[in-house]
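See below for the structure under consideration.
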Amino acid sequence: MGLLNRIVQSFEVTHDSNLTITEQLVANYDLLPVEPEKRTWRAYNYVAFWTADTFNINMWMIVSSMIQLGMSWWQAWICVWLGYGVAAPFLVLNARPGAIFHVMFPIVNRTSFGMFGSLWCVFNRAAMACIWYGVQASIGGSCVLVMLRAMWPSIYDLPNSMPASSGTDTRDFLCFFLFWLISLPIIWFPVHKVRHFFLVTPILMPIASITFLIWCIVKAHGIGPIVHQPSTLQGSKLGWAMVVSSMSCISNEVTLVTNAPDFASRARTSSAALYPQLFAIPLSAAFVSLIGILVSSSSQAIYGTAIWSPIELLGNFLNDNPSKATRFGVWFISASFMLAQVTTNICANSVSAGCDLTALFPRFINIRRGGYIAATVGLAMCPWNLLKNSNEFTSYLSAYSVFLSSIAGVMVTEYYIIRKGHYNVKDLYNTERGSWYWYTYGINFRAYTAYISGILINVVGFAGATGRTVPLAATRIYELSFFTGFGVSAIIYWALNCIFPVIGAADTFEEIDVSGYECTTTRSLRDVEEVDDEKKDEGSDHSASKR
């Protein structure tokens, strides 16, 4: 047993040896409030973060499905403005507790769902982050393929040695694996330092995108027919098409709405996480999607059909013996897209998974280890198989947006309406009966009743989205799934708290920590680390004296 204990202890993260087993289930160094010296994110860091996050291939192509529904380009563009313009205030609302009290999503979630009840919500977000990490890495692999093909055209004809059952071939897997490897060093950096990496994409990608646009316009001798294409929808059909398209934009953002406190916890000031995010999200989304519209319109004039994927379009530029200048241009633009995909994967998936997995297994996982676990899961899940059937994958993601919007509805109601900004930070790590967030054996039944209610109202509509015949009203409700899930869960949670009041419910709004918590556990952990370092130094000195 002694050997087994030593093996187990070798995998543990640094923690106070005086903590009980129960306390080790709710706290480690990365879960504590962020220390002042690590609150390094300024306003421009959040602008850079969202600019980097939106400059990805999915955002570039987001308008394509809207135009295929029959909308004109400007109607589709309005949907992007509406969708991301509506999502931004919800994100800022949910980010506020993180910016004020400097705690991450898993800890903020404890205030509403309970010390142990929060684990299901955290697991949901962690699962989404791991899945999306693999999907974004698969898309990034296509960027690597075009980049390598621009340098070595023979890579395109690389012989396949993988079986058909793998769902891929040697060439595509090689490119995916290279992208996966390129991402790994970035995961090593802590959240308060990785902000520097996010400054690269906002500088590089606008240059690459505008260069790409000008190049396409010159080749097409104009901006192409899509911008002159009228809408084929009228009346209520057009209205609901715009509603559905706007909701798809919100659904794309709902994962980041839910875990917004993760990055807000690093804010130097609370205002740094407010207005920069509120305006940067819709502005950057609108800019990227507009470039995507104009480039795709030009591609229709060049090739006779619109090519919405920028990587596929760049690949076409390499056909028919391109010049060295063309190959360099394709390499530069595809390398920029590859870097943008790395950035998106880190900011939207790796860090989020790291925070969530840390909360699930705080004794053995910290944010860095969690990020590498997400990368491992992203590799093992063979994400290219998910992308083969895009309709099923889209339906799956829509269903998950319902789960996450219901979580966000409960969290926002808890902070702004029930306890009105009052926090008991000390009790966020307290598993004793009678603490603010213990509720009933660590689970808040009010939150779970509201959460399930927000899901149930969309169940029938979701069944219709999978091909079953359902009433039109159910379909309409599901098309508004973010608002129905968020709204129903918020109302039910408020009503239940009126009937069954909780400890700490407030009458006036004031953002204050009633516990006066001063990160004593942080100091304790620092002491543990210093003692460990001293022991290591003593050990090395003792070894040296022996020699």
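A Cβ is built for glycine as well, from the same backbone N, Cα and C atoms used for every other residue.
Here's what TrEMBL has on this protein:
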- 528-547: region 'Disordered' (REGION)
- 47-67: transmembrane segment (TRANSMEM)
- 73-93: transmembrane segment (TRANSMEM)
- 126-152: transmembrane segment (TRANSMEM)
- 173-191: transmembrane segment (TRANSMEM)
- 197-218: transmembrane segment (TRANSMEM)
- 274-295: transmembrane segment (TRANSMEM)
- 330-351: transmembrane segment (TRANSMEM)
- 371-387: transmembrane segment (TRANSMEM)
- 399-418: transmembrane segment (TRANSMEM)
- 438-465: transmembrane segment (TRANSMEM)
- 477-496: transmembrane segment (TRANSMEM)
Tertiary contacts of the transmembrane segment (330-351), as residues 6+ beyond its ends and Cβ separation under 8 Å: 49, 52-53, 55-57, 129-130, 132-133, 136-137, 139-140, 143-144, 146-147, 150-151, 179, 182-183, 186-187, 191, 194, 197-198, 200-201, 204-205, 207-209, 211-212, 255-256, 262-263, 310-311, 314, 317-318, 322, 367, 371, 374-375, 378
Positions on the same chain near the transmembrane segment (197-218), where near means CB under 8 A and six or more residues out: 45, 47-49, 51-52, 55, 186, 189, 288, 291, 294-295, 298-299, 302, 310, 313-314, 329, 332-333, 336-337, 339-340, 343, 346-347
Highest-contact recorded stretch vs the transmembrane segment (47-67), from 73-93, 126-152, 173-191, 274-295, 399-418, CB pairs under 8 Å: 274-295
Surrounding residues of the transmembrane segment (399-418) on its own chain - C-beta under 8 Å, 6+ positions past either end: 90, 93-94, 96-97, 108-109, 111-113, 121, 124-125, 128, 250-251, 254-255, 257-258, 447, 450-455, 458, 462, 481-483, 485-490, 493-494, 497, 502, 505-506, 509
For the transmembrane segment (274-295), distant same-chain residues with Cβ under 8 A (at least six beyond the ends): 43-44, 46-47, 49-51, 53-55, 59-64, 67, 73, 76-77, 80-81, 83-85, 87-89, 91-92, 95-96, 99, 209-210, 212-213, 216-217, 223-224, 226-227, 249, 253, 308, 310, 313
